[in-house]
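**Q** Please read through the structure below; I'll follow up with questions.
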Amino acid sequence: MAKSTTQLTVTTTIDSQASAKSFLSRRERSRWRRYKSRSKFIHDFINFKNKLLGIKDLPPSESGRIIPLSINHSKVNSYYQDEYYDTKRKAFIDERSNEPYVDNRITSSKYTVYSFLPKQLKAQFSKIANCYFMVVAIMQMIPGWSTTGHFTTIIPLCIFMSISIAREGFDDWKRHGHDKEENNKRTIVIKEDEDLSNFDTQSITTIMTETVPLDQQVNTSPNLGGRTSSNNSWSDLEELSFTNKEAMKKYNLKQYPTLWKNVGVGDILQINENDWLPADVIILSTSEGETAPAYVETMALDGETNLKPKFAHPELAKRANTVTGLKSLQTLVTTEDPNSNLYNFEGSFNLNDETFALSSENIVYRGSILRNTRSILGLVVFTGEETKIRMNNIKNPRTKAPKLQKNINYIVIFMVCVVILLSAFSTMAQRLLYEDNREKAWYLFEQDAGVAATLMGFIIMYNTLIPLSLYVTMEIIKVMQLLFLQFDIDMYHVESNTPADGKTATILEELGQVSYIFSDKTGTLTDNQMVFRKFSVCGVSWLHDLDLMVSERNEPNSVETAPLAPRLSMHAPRQRDESPHRTSTTSIVRASMDSVGSSQSNWTSTAQPNKVQDSAMNSLQLLRHIQTHPQTLFAKKAKFFLLSLALCNTCLPKKDTKRTSTDSIFTLNSQTDANGNSEVEEDGDITYQAASPDELALVEAARDLGFVVFDRVNQKLEIKTYPHGFDNDPKVEEYQVLDVIEFTSSRKRMSIVVRFPDGRICLICKGADSIIIEKLKNSKMAQEKAREISLNSSERKTQEADVILQSKFSQDVQHMSPSRKSGFSLRQSLGGTAAATNTKMNSINNALMGTEDDEIADIATRARKSLHIQQTKKYSLDLYENEEVPSTPVSLKSATSLPANPFTQFIPNDKLLVNDEFIVEKILEHVEEFSTEGLRTLLYSFRWLDKTEYEQWSREYSDAKIALADRAKLVERVGGKIETGLELIGATAIEDKLQEGVSEAIVKLRRAGIKLWMLTGDKRETAINIGYSCQLIKDYSTVVVLSMDEGKDALIDRITSSLSQIKTGSVAHSVLVIDGGTLAIVEADSTLLTLFLELCIQVDSTICCRCSPSQKANMVSAVRNLNKKAVTLAIGDGANDIAMIQSADIGIGITGKEGLQAARSADYAIAQFRFLLKLLLVNGRYNYVRTSKFVLCTFYKELLFYLTQCIYQRNTLFSGSSMYESWSLSMFNTLFTSLPVICVGMFDKDLKPATLLAVPELYNKGRLYQGFNLKIFVSWMVLATFQSVGVSFLAYYSWGFTALRDNTTFALGSMVFAVLVIIINTKCTIIEMQNRQWLAFASFIISVGGFGLWNVLIMLLYRTKDSPIYFVAYGLYTWGRDQSWWAALLMISTIPLLFDIFIKVFKFMFKPNDDELFRVYERDIQLRRYFEQAAYSELHQSWNFTKEPSTTGKFIARVFRKIGKSIGISQKELRDEIEEINSEEENEGIQSAVHRKRAGTNPMPNELPPSGEGTVTTSNSYTAHPTFDEEGYEILPSGKRVKIKIKTDDEPSWTTSLTQAFKWDKSEEDVDAIIDERLKTLREEEERRGLH
């Protein structure tokens, strides 16, 4: 039926009543399935219950979700004579719920208004201590039971719990703020103009003077842009395009900017280039034409970096591509119900009584970004929590609690049992003594409180053995730990101005206990950047490092953060370009021609960082050779290879016209053409749109090497080259692209058929080496060469694996040796006459890192030498070595300094270049080398085609592309027919750049005992390649690939056999690889899942590729449930990582290029993966050690103190009388012992950060629960018991029974109280705390001195009211003048502390742990230098950045200045002081972090990042040798100045003295030599006396 755009009333042939009845009956049936009742009350009650509990039990729709497609929603009901649209709430109705579809709000927070309080109460009372105190509080409020008041427990308990709940609420409030920011983003909704919607037909007809039939067909021919029409010109289409605002206005359509949260199902959105998709939308049309694809980036969904083409259905695009068609487009779209399957979509729509199918190529999901397309129109089908990405997330994330809390709960249960036992014992003793003394103790008047009241009184008295303030003090400590984490300058990313951020303080200590790390790939490990790095042509391997040269020239002062790199003073601001500039080949090559060899490459392979790269054989030298010898066979073949790079692609060139001539980053004189245009600018201004970053890297490399893809119009491709040198005019040639055979995952290759300017037709094919080898004309020979290289590689890997196995065996033997059981074989370096510093350093290096790296490098070198010797003999290469090879790059480097393969440094002559066997063997050898370096390789091949052959094939290929059935299979089969008989041109190697420091971080994390998993949605080949690049997979690794392609039985056999091999210890290093499809089948079979998880636990690393977000979360949960003691950490940067982050014990978000979704939902956020080292190995370990010591010290002091109360009861007939004055007793935890435990929990550092980063094995302390376990807790409690008993009886017998001046309870109690305060403060701040800074001593002085002042204070307070028991008012005057009291105080305080110290000394002598050994090593200056050098890359910011002046020091200085002014200082000196203060304030205003925002702002040019710990060093360089300043102090890498005492040869070293004292090396003792030496000394003394 023909309709026009001016029609307002539409006639339809649909039976209205039947349609309404059909839809209403579906809604009624859905309501009945959901509620099983027609009662409205029951409906409302069920809805309220489900909303309160967060339950969503919507039944599935009968035949899918039906969405009307219309530009005017209000007229949908009248058009279809049905109720699809709710006119009151202005939204379409969901058939499943009979309510409007869910809105587009997303929620990443953990709590709602309804669920916050119930969940928090559950979390608070999951702490056993809170339950215990609640029970005690209830008992205390019972009249007659408590002797300490009725509300002294319930009120503090409520306050402490409220503080914890408020802090958790504040953390979640911040998450709500992030959600609000996400929901308030803006997009564009296309609707009818509401201002004109009330016009009648005549008025609108007057406005619209034209009538355009709806059935007008606009046919476009399939060309590159889809811009050529057979009936209309492109300009006519542009006039009616939805991108034309005038046309939109003319036809009463308007673009409404709308918040994301207000987008609803059925809305038509206009998405512009580089915009994020706010919902799941079906593409209706694109701005590029009806058949043109829209390219979307889905990194945040599946981790793939390739752009994916999405298409509008032709029937929809034909109508929606113009404003007239869009306005009158009316149809019903049926889609599947919301689900989590990202890789499949099913839908349909009806037009003209015909049904058309919709698939996954027609839909774009939320989280995608539109790229390389101006704009698209899309119909919203899923919104908010029903979008695909949100369906993959966890609906109700769990409330995370630390593993340490479970241990504390066990301890609390244990202490509750202790309290009950002590109370029962005291009650029993009281009953027995009461019966014996009822008549003797006349003052009791035979009154009895009863058994129950006595028992409850003792329970209330002893309940403080479990400190009420334990959890709230821990919360305070964790807040300070969180601030330390956020202000850590080493985790501050300068480039993006992003500090570390903490969203919760609950699980801080778990950062020091991680056993498994689950990491995303794209944006987390990689930098989302592909770089053309190496290539092989004519049997020679070349390095392409132009990007590094450009970076060096842009920032000549920038340095790598290597341990021995030059360090710059931060006082001089570094100049940065505001925007990145592209450089053309002309400037780079011209500069390189002027100074050959002046720029040395600093590129190193992340997979093999120790491998030395040959910087002489780079691409610039290749260009130089080609230009100086253009007619040689080598030059012709090399130029054809570079031309193939430029031709074999589908990239679209774009010219950036915004740059001016002053933007050039080089100061060279650029060449200009007749029009005055600069060639330098022209090449550099060309950018490319590519569907794959690999293609983009190849085309940009071709451009940089002088083969510029200059323009592409329809099927014509213009290539600009410089055949006569870059100083001469370029040449532009036109190539015609005849056909393109696209790359697919099954083909693994891409081909292009090109007509050259001379009329020849050439097929160029690029693809995986395994595929291209089969297509070569001499494929049998190539396959044989590939097998030989593979055998050589396997033999080399076997030898490397044997080295690793031998090293593991040696370490196991050392660890099992009874002479060393603390973890490392380092004790031998402490003793013996050969205990020199170098020996100690070598011992540490060998024990911790091993020497296998050098052995593996030797094996690889020998393997290359052996292969090259064979090639020399086979191809008679020695005949050519003496021949003159003109102008080869080998002249830049002496032969003696070259690697062991000198032949590859020569340009092969023509005799070798015509030898196909030699070329194939060398290229395949280079491909193998590239692969081991973690590079992505491609082989290039070509074939000249006969015109008749091509035309015949082209007709067949055209028919295959338009086939209606099995089109993809036909295209693949026909395309493969012509891809035969190819000749090999060369190979390329692309580097998928990792983030800075990723591979080094992974190595250290693995040394720390942490197993790493990589969970990615990318392809298997890409995932494995990145595994090699980041050293997750070693060259000698056994890679176990699980796939269902071989069948389920074969899969089980492979898992079983791999398990048996790993358990026998015959595998040096194993990595498991599994894809998402196989993982889904494994998850469905419980038996198979158990086997699979067991294998995952046994292997060194696991890689899951092509897995969905829900599969990532399931894998994390499975491992967490399998090993409940292990702490899991998930890290990612995209929306597809949120579920994984929420499932893990710790979630880390990367503020990366995929957005901030993961960072907002995570527990902690960092800017780079490498910051995990400082976060876990330093901050995490510190937090674990601090929290563990805090808990131990807290229970220690409680047992130590209150056990004296129990012992004292034997002197009071167990009546419950206190030895301590009541006010002092109540202030014990608050005033006198709170500061020391807080200092330990906040500031303790058992080892220096450099030591922890240089020796990651020290992380085992937290991972293996070595800092807090039952054994350690019992040892602390036993020590407290012994000390408590000792203090009590020493006090009784040394002073209490013999007191002369005052023998009252107050004097004895004050002595014991003072002794316990001294012991507790000394134990916490001096004995246990390793970094004894001024805060520790200040807390000791405040706590101990505060108790003395407290006695004076209560003495004055009791003057107004006498105490009935304690003689407080004048007691201090009495016993304070007794010298024996002070002597007893000194003696009783010293003995328990000496007892504790002696225990530690003997333990260190006979069984030292790793922490104690490395504290000894840190005192050795050369070992400390070694540690700091190894940790320089992680700590250089805190060492180099200027430290802010201390506010306390400045205040004290001002006070002294004022005092000086008051006593008289000259005006000149005063002015100088004031100017100094002003200059300091001005400097602080510029550089201080106080004067700028922490995040979200860019620093000023002269602004420094927030500083951390350390002092600035402005030395120009740092070498491996010691550096001394003018005063003779040595400067360490950290900038610390140390003075070294020069020892004489006769003076023994500290290690020798320590060894002799501890008798650690008895083998060196020679008794006879000692006796002879002693006799000789005696004879000499007798002779001297005889002479006198």
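Placement of Cβ uses the backbone N, Cα and C atoms for every residue, glycine included.
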**Q** Among 148-166, 1079-1097, 1155-1173, indicate the range for which TrEMBL gives the feature transmembrane segment.
**A** 148-166
**Q** Between 557-610, 773-826, which stretch does TrEMBL give the note region 'Disordered'?
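**A** Going through 557-610, 773-826 one by one, TrEMBL flags 557-610 as region 'Disordered'.
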**Q** Take the C-beta pairs under 8 A between the transmembrane segment (1273-1293) and each of 125-142, 1305-1322, 1334-1359, 1379-1399. Which stretch has the highest count?
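**A** Counting Cβ pairs under 8 Å, the winner is 1379-1399.
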**Q** Look at the binding-site residues Asp520, Glu695 and tell me which residue has the greatest number of other C-beta atoms within 10 angstroms of its C-beta.
**A** Asp520
**Q** Residues of the same chain, at least six outside the transmembrane segment (1379-1399), with any C-beta under 8 angstroms of its C-beta?
**A** 1279, 1282-1283, 1286-1287, 1290-1291, 1294-1295, 1298-1301, 1307, 1311, 1314-1315, 1318-1319, 1322-1323, 1327
**Q** Around Lys521 (ATP binding site), how many other C-beta atoms are within 10 angstroms of its C-beta?
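**A** For Lys521 (ATP binding site), the 10 Å Cβ neighbour count is 26.
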**Q** Going along the chain, which residues six or more apart from Lys766 (ATP binding site) have their CB under 8 A from its CB?
**A** Ser644, Cys648, Arg749, Met750, Ser751, Ile772, Leu938, Leu939, Tyr940, Ser941, Thr988
**Q** Considering all pairs of residues in Asp520, Lys521, Thr522, Glu695, Phe743, Lys766, annotated in the record as contacting ATP, what is the maximal C-alpha distance expressed in whole angstrom?
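**A** Farthest-apart Cα atoms in Asp520, Lys521, Thr522, Glu695, Phe743, Lys766 are separated by 29 Å.
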**Q** Counting other Cβ atoms within 10 Å of each residue's Cβ, which of the binding-site residues Thr522, Phe743 comes out lowest?
**A** Phe743
**Q** What are the DSSP helix, strand and coil residue counts for the domain 'P-type ATPase N-terminal' (97-154)?
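**A** The breakdown for the domain 'P-type ATPase N-terminal' (97-154) reads 23 helix, 2 strand, 33 coil.
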**Q** How does the model score the domain 'P-type ATPase C-terminal' (1159-1409) in terms of mean pLDDT?
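**A** Its mean pLDDT is 88.
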